[in-house]
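Chemist: After the structure tokens below, expect a handful of questions from me.
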Amino acid sequence: MKAYTAAGLDEVGRGALFGPVFAGAVILDNQAEDQLIDAGLKDSKKLSALKRSNLVPLIKKISHCWAIGQSSAREIDLLGIRNATEKAMIRAVHRLEKQPDVLLIDGCLNLRLWHGEQKTVIKGEDLYPSIAAASVLAKVARDDLIKRMAEKYPQYGLEKHVGYGTALHRAAISKFGKTKLHRKTFLSKIQ
């Protein structure tokens, strides 16, 4: 009998004003799930930046396979955030070394571009370690990219808010204007 393979899937950066939306996909076996839970894995939003960074090498080492996908700010503006998020998720899944039988997707976003089985799970990172692991990988990868972009655009304070719509970020956009990495469709009420 063929083993049933499930991939956890989560997105990061959906509500940001700057930069791409990222998605992580992770396939774990039961032993890897237990090991990650013992190491403190949970929803990336409930972990410190240091804890997330420390978990990444372990996730990559013991997962059956993992991948990250993204959609650019330009794609978000052209396609809308829903479709761009779906594209990032599909890209992550297609980059997996093994294609899963089912996707376990955090939230309520059904993937129209995926023709296999899928299950959306509200608060999925609290229920499925593979979703939590995908969340951590995507969050660390996106934050690292945005922090590198902070060096190119220091006036926006990106290292502090990683592109989200804080008062500091909104004030910087009002003062300095938008960059090519800002999501134009998200800025209509700021400029």
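Every residue gets a Cβ built from N, Cα and C, even glycine.
Marked as divalent metal cation binding site by Swiss-Prot on the basis of sequence analysis: D10, E11, D106. Among the features that Swiss-Prot reports, domain 'RNase H type-2' is placed at 4-191, with the record citing sequence analysis.
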Chemist: Check the binding-site residues D10, D106 for other C-beta atoms within 10 angstroms of each C-beta and report the one with the most.
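Modeler: Result of the Cβ crowding comparison: D10.
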Chemist: Compute the centroid of the Cβ atoms of D10, E11, D106, then list the same-chain residues not in that set whose Cβ lies within 8 Å of it, in sequence order, for the divalent metal cation site.
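Modeler: In sequence order, the nearby non-listed residues are L9, V12, A23, G24, M89, I105, G107, G124, E125, I131, A134, S135, A138.
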Chemist: Give me the count of other Cβ atoms within 10 A of the Cβ belonging to E11 (divalent metal cation binding site).
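Modeler: Here the count is 28.
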